[in-house]
Amino acid sequence: MSARDRIERALTRLVTASATERLAISLAALFASILVGTVLILGAGRITECATATFVLTHPTPFGLPRLFELGFCYNPVTVYDRLFLGALGDPLSAGWDPFGRQMALTLRETTVLLFTGLGVAVAFRAGIFNIGAQGQLVVGSLASALAVLQVAPLVGGAPGTAVSLTVGLAVGALGGGLYAAIPGLLKAYADANEVITTIMLNFIATGVVGYLVLNHVKDPDSFATQTRTIPDHANFPTILFEPTANFSVIALAVGVVLVGVIYYLLAHTAFGYDVRTSGLQPEAAEYGGVDAKRTIVASFGLSGALAGIGGALYALMILGKFQTGVPSYGFDGITVSILAGNNPLGVGFAAFLFGILKSGAGVVNFATEVPPQLVATLRGLIILFVAMPEFFRLLGGRMKGVQRRLGRESDGGETDA
Amino acid sequence: MDRAVHLDGITKRFPGVVANDNVTLEVERGGVHALLGENGAGKTTLMNVLYGLYEPTEGRVVVDGTEREFDAPADAIDAGIGMIHQHFMLVDPMTVTENITLGNEPRKWGGLAVDRATAREEVQELSDRYGFAVDPDATIADVSVGVQQRVEILKALYRGADTLILDEPTAVLTPQEVDELFAVFEELTDAGKTIIFITHKLGEAMTAADDITVLRDGKGVATVPAAETTRESLAEMMVGREVLMDTSDRPHDPGAETLRVEGVSVTDDRGVPAVDDVSFSVREGEIFGIAGVDGNGQAELIEAITGLRDPSSGRIDFEGEDIGSWSRRDRIDAGMAYVPEDRHERGLVMEFDLTESGILGSQHGEPFTSNGRIDWDVARDHASNIVETYDVRPPDIGAKSAALSGGNQQKFIVGREFERDPSLFVAAHPTRGVDIGSTEFIHERLFALRDDGDGVLVVSSKLDEVQLLADRLAVIHDGTLMAVVDPDDVTEEELGLLMAGERPARQLESQRVDGGEP
């Protein structure tokens, strides 16, 4: 059996894997990434100098023989992974676990924002569009939302004020992100411009223009930072249930979970979703089926941007309480979240949670160990890479001729006739 | 018996499908052996096993008395097996000689350079030996499809093939070219070569083959000498029951024009004119056929009518209205059904299951969708109904469209389009790859549509099919309509000449192109 045969056989197996098998594969990949990461941690721990070794490996001495070696490592891989995962969840295995504690709140805060950007990218992917511009759409949505709430909040006070401000904030964030995403949508639909290029460029434009606007027109005069004035407290997302200093609102998470359901329903149960999926899978068939390709491109781009824009609104209204330049890369992480989830809206929830754990867990590791942040970032990257790879190979395998042949899809390919 | 090839008890399983089930094939050296069967019967799979493309799940492959295990086509070629696929694998801008010797070029200067002179000589010699009359210096793009096919055969011979497998070799040929191909078969067998050809056309198997092996549902039914069998018994073996050969009766009583095409020109994807100033009309209660060799503009013409391609000039009227500015969806909603030429690209979404593919084109309207929400229960009933009525196998509406064999995909599409209850039915190759039984059924439905007073436009390169179906028959060549003829008053030879762009001696244009009242 040739090497090519082996590869094709393995990919075929992967393509035909059931949902349970895929879950098992993901867990195995996670485990493998931890093994590789352990080797990295040990290696790095050997070449670093430290006063006391935190991890010591000794040769067992069963017959009272002298020890052959005793190796010390500066970093303890068990501690690192313990902090990364359990630390991020606020130590669920310890007796005094507080599921509403600060660390859990931080994890869920990251999860919430990534839920929106991931969902946005996934919607575009399903329509056959690669939206790399989620970051720019998030930035635009974030500023638009902050400015709108700064206008609205002083008008209505109290609990009604919170409701009105948040509704307006989310709506304006969605509108801002959606309109900004409509630009590459229109360019693709009517000028045949490749969306990968236009969205990358529009990311730079968004950051630049927003920075200019804040600095020159809406800057908080009392601050040295490039930021808007602070939004009144009653117009922020209320931090109920959870530790308030973590700036996490379970209401925002609830909105996210509802939207996951809405997007799932939209794709699976509406004519619009049918058009989107058909366009994404087979544009020629969509054209045959009477789908208006241009409209579908613009609409799915707009929807994608609106979701990223809501993520931006949360950044302003939940995390910061204002808009400030230097927005973290939620939009780019959203691309990875979406791929990790196989572009499935329901999967985005889980992928965003994994990302949230890794992001907040990294902070815990930095705090609890001497391991340098660069190494922690590498470990995170390894986990994402390993977990995403099986999905990647599934996508790849599904397109390979040899694999399709093995699946018997081409078994009648030669038999067209005249 | 001196056997060139012996496939012994071949079984080939794909996930969920048994494509070949214990098939035995014995091919006599120096003969022509036809592999006959409906689509999805497993003919191509069996030949792919012989050619090393598939590994058999069970069974032995014996070539020239030696048992072989082929890992790849290269091994099969070494064993003297050559295969000519239906879609030629030639490099258009290169010459005949370059194509034939590609990968096996004679070398000079210690292997550093291609010895073109020797290559040309060898090709010329090979061509002369079998009386092929192929110019070694011609560019592939400039020669006809028939010549290209001969180049493919020469390529296999150049690589030392003693046994040639041809997959549906006549699909792309005009009737004259088919005759020439069968003459080539004789030359080859006289020289001791063995030929296996795949077909589902009874007539061809009877004419060209010495022996015929019939496959059905992946199983070998029988091997019979062509001289000792009849069309009827072959058809019965293929289908598994008695088949009534279609007979045509034409209660031709057409009504008003439902489709009118006037001076329409269309360009293809590269911007090259593909259809040049074509005019015709289809009337209610009439089947209008367009015959022609594939690639003469019929695909572009159909796409212009159905709204997938903008004509560069001309006017198209549907039920008296100019539909030039109508979108594809407008045309679907107005009652235009369309069986597209390419079922993999257009007709079905391969990743969708049959329920989802079953509403393609109807996803926005009643009964499937109200207020933008799709009622999947209705869609499922719809798909079940198509699957049942049109005998789609496997009858599983949850199966992915890609999992069906080509013939069953076609039946599903045709069924879906019939179920639209159209007022104009446009069909490109409606029975392509469909078995005899279902072809019969599809033809009956087309006749029924016509008898109900709907217009039908059929494009096909199967002459017997368009001749049978059409009330009026146009022949297209190089983007223009050569003639509109009465299909009962024209011979296959005359049609072949028209399809090749030549005018037959007899005056045929008995009918006006626009089909106005006589």
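We number each residue from 1, going along the chain as drawn.
Cβ coordinates are placed from backbone N, Cα and C, and glycine is handled just like the others.
According to TrEMBL, the protein has these features:
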TRANSMEM  A:23-42  transmembrane segment
TRANSMEM  A:112-132  transmembrane segment
TRANSMEM  A:138-156  transmembrane segment
TRANSMEM  A:163-183  transmembrane segment
TRANSMEM  A:195-215  transmembrane segment
TRANSMEM  A:246-267  transmembrane segment
TRANSMEM  A:297-320  transmembrane segment
TRANSMEM  A:332-357  transmembrane segment
TRANSMEM  A:377-396  transmembrane segment
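Note on the transmembrane segment (A:195-215): residues 129-133, 135-137, 139-140, 143, 180, 183-185, 187-188, 226-228, 301, 323, 325, 327, 331 of its chain, located 6 or more positions outside it, place their CB under 8 angstroms from a CB of the stretch.
Here the transmembrane segment (A:163-183) lies next to the transmembrane segment (A:297-320) in space: the count of CB pairs under 8 Å, restricted to residues six or more apart, reaches at least 3. Across A:23-42, A:112-132, A:138-156, A:332-357, A:377-396, stretch A:112-132 shows the highest tally of CB pairs under 8 A with the transmembrane segment (A:297-320). Counted over residue pairs separated by six or more positions, the transmembrane segment (A:246-267) shares at least 3 Cβ pairs under 8 angstroms with the transmembrane segment (A:332-357), which defines the two as touching. Tertiary proximity for the transmembrane segment (A:23-42) is limited to same-chain residues at least six positions away from its ends with a CB under 8 Å from its CB atoms, namely 14, 17, 55, 73, 75-77, 80-81, 371, 375, 378-379, 382-383, 385-387, 389-390.
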